[in-house]
Amino acid sequence: MENMQFAEELVREFLVFRGFTSALQAFEAELSTDIGKGFQVDRLLELIFAVYIPKYQAEKLVGLFGFFRHCFSTVTETVFLATLSKLEVSILRYYVVYATQSARRDKVVEFFGLAGNDLLQRDPDWIPWFAIPYLKNPSLEPQFKVYFSKEWYEALRLSLRNFFSEIFNGTRIPALLKISSEKNTISLLKKDIKQLNLKLSQLQALLEEKETQLQQLRSAASPLDSGRGQAQNSATSSVVRDDDYLLSKNDKETCTYGPSSQGEAEMDQESVVSDLATNSSGLSMSKSGDELNPMGLAHKEEGKTGYDIPMMHGDRYKDGGGEIQSKEEFPEVKVDFQETFLGHTSPISRCRFSASGTNVASASVDGTVRIWTYDSSTSTSRNATIYCGAEIMSLDWECKSDRLLLIGTADGGIKAWNVDAKRVVCDLNTGEAFPSILDIKCSPVEPIFVSAAASRRHGSSYIDTLGYASLTAWNMKTWRPMTVLPLGEDPPAITSICFNHNGKILAASATDGMIHMFDMSAGLQITGWPAHDSPISSILFGPDETSIFSLGSDGKIFEWSLQNQGHVLWSRSCRRFFDTETSSSNRHEMALDANGRRLLVTSSLVRAPIYQVRGHVNGMRTLPHSSIITTVDWHPTLPIFLTGSADHSVRVTSIL
């Protein structure tokens, strides 16, 4: 019966879904006076031995066993009912003994007046007990002496505990409660996955060692007069074949540098090449100047593949020139557990963890939002499906609790969904002038939120369809607009917004590559700078809020210093994960983990990159979906991330 609370939540959810409000009220009323205490053994023992007996509540004690007789009336094994009757007799006799020891003979007389006739009809052995109130010292009488001993009381308590444990956790449970077996299965599967991942890592290390030995043997067998120079010349065109994949030896690593000055660029270039030389996939990169091309590309060392596992079709990408390359410097993440949600019937447009990370909201292009939980031990009472009638373009949870979810649509609608009441508490509209709600963000402190809306125009790509911007702050108590933040005349569309920790500063990114910073208390723009040569898709404050991350539609990522405005602290290019054809019709976004060390980015491929911010390794890549990854998010506190895909699925992945 350990899953009783979970089953009760399922009943509530079903009654709400069917609209049985009267039945729900009756159900809640009965739960509040639950005499069986949810069939929890410790609570029942406490109720009997710490409440009913010490407080002389004989009527409730008799009623409790009547309740259990009714519950177990359908038991096919009559031994359960027989045992229950024997235990009931013993408990009632202990009630008489306790009242006698406490010098409350009046309570003994009261008890026999209440239940005496029923006891005599069921068991004639009760006849001598009616004399106890009139005996001077019944504990010395041979017939009653054993019942006054401490050993008998302890044996009675233990017998009652064992009986309840057996009957509640045995095979005789309703089908609804058998769901607990599913939880146990999930827990066991998670343990198995963890063990398999460990075994996989060991096998990958062994495989890499064997490959190294094989390459050494091949090198030793080659003619001595071939020379090192000949080997290097052939490295640019030769092809290494293995059983499971084909690897071109002239694959290159492309890096993009943020600093504008030549000196800073040279320093960053040297740092990047050094990082590549020690990356986690086992590649050994040459840093000598004669092996670097003018664009900062480094060739791989002769004879090392660096692959941990064979490549699949989804593990290949196209760079800007269309050349197919591999991603050996991006090893696959090591997964602790993974859950897949398949409740949507169209591509996923947005997904977000709630403020506590307990619930997930995911939206699809057909205008459906689903609220669900990935943890089987968490209550599902907030699970819901919301039909908005238009494509969902933005989602955000209230920051202080998981109570409200804000939804922005492509027809100018902003809905506020109360997850406890399971209804829309407010339905706003920005009007026909700005129908595309590109982003919504709640203040982490004040009851306000800001919406970034855009007008529409004709265009061949997603960015081209965005017109002018409107940035509005709303009061979440009155659900009315507070102020429209100034953006100048005919401002380009704002694609992404974010608050700092105290809600006083709002950052916004635009399609013209600008980053804007606003003082929310004054409602004014305080600074801004050109950050990208392309439209900015996503923007995030760094964990210590001394920097801000920006993702361009061309795949360039920059971390900008807020203390030294315009200075780049870190940069990467994820262009290999951006396909020009799909990028023109999809919005890319990024998410930063709670520690600010890992940056997850959407992808035009079936896998998405996870970059190590300012780390010595380039990053990792997620497990594959069956289609492109359209949206991502990190858990607010744990190493768990969300990925939503055009294959209609949402995945929750916990990494080691």
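The backbone N, Cα and C atoms fix where each Cβ goes, glycine too.
These come from TrEMBL:
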type	residues	note
COMPBIAS	229-239	compositional bias 'Polar residues'
COMPBIAS	240-254	compositional bias 'Basic and acidic residues'
DOMAIN	55-169	domain 'ARMC9 CTLH-like'
DOMAIN	493-541	domain 'Anaphase-promoting complex subunit 4-like WD40'
REGION	217-274	region 'Disordered'
REPEAT	341-382	repeat 'WD'
REPEAT	529-564	repeat 'WD'
REPEAT	622-656	repeat 'WD'
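Same-chain residues lying 6 or more positions outside the repeat 'WD' (529-564) and placing a CB less than 8 Å from one of its CB atoms are 256, 258, 463, 495-501, 507-515, 570-578, 583, 587-592, 594-596, 599, 601, 611, 613-614.
Mapped onto DSSP helix, strand and coil, the repeat 'WD' (622-656) counts 0 helix, 18 strand, 17 coil. In the predicted structure, the domain 'Anaphase-promoting complex subunit 4-like WD40' (493-541) carries a mean pLDDT of 94. With helix defined as DSSP H, G or I and strand as E or B, the repeat 'WD' (529-564) counts 0 helix, 20 strand, 16 coil. Taken residue by residue, the domain 'ARMC9 CTLH-like' (55-169) breaks down under DSSP into 94 helix, 0 strand, 21 coil.
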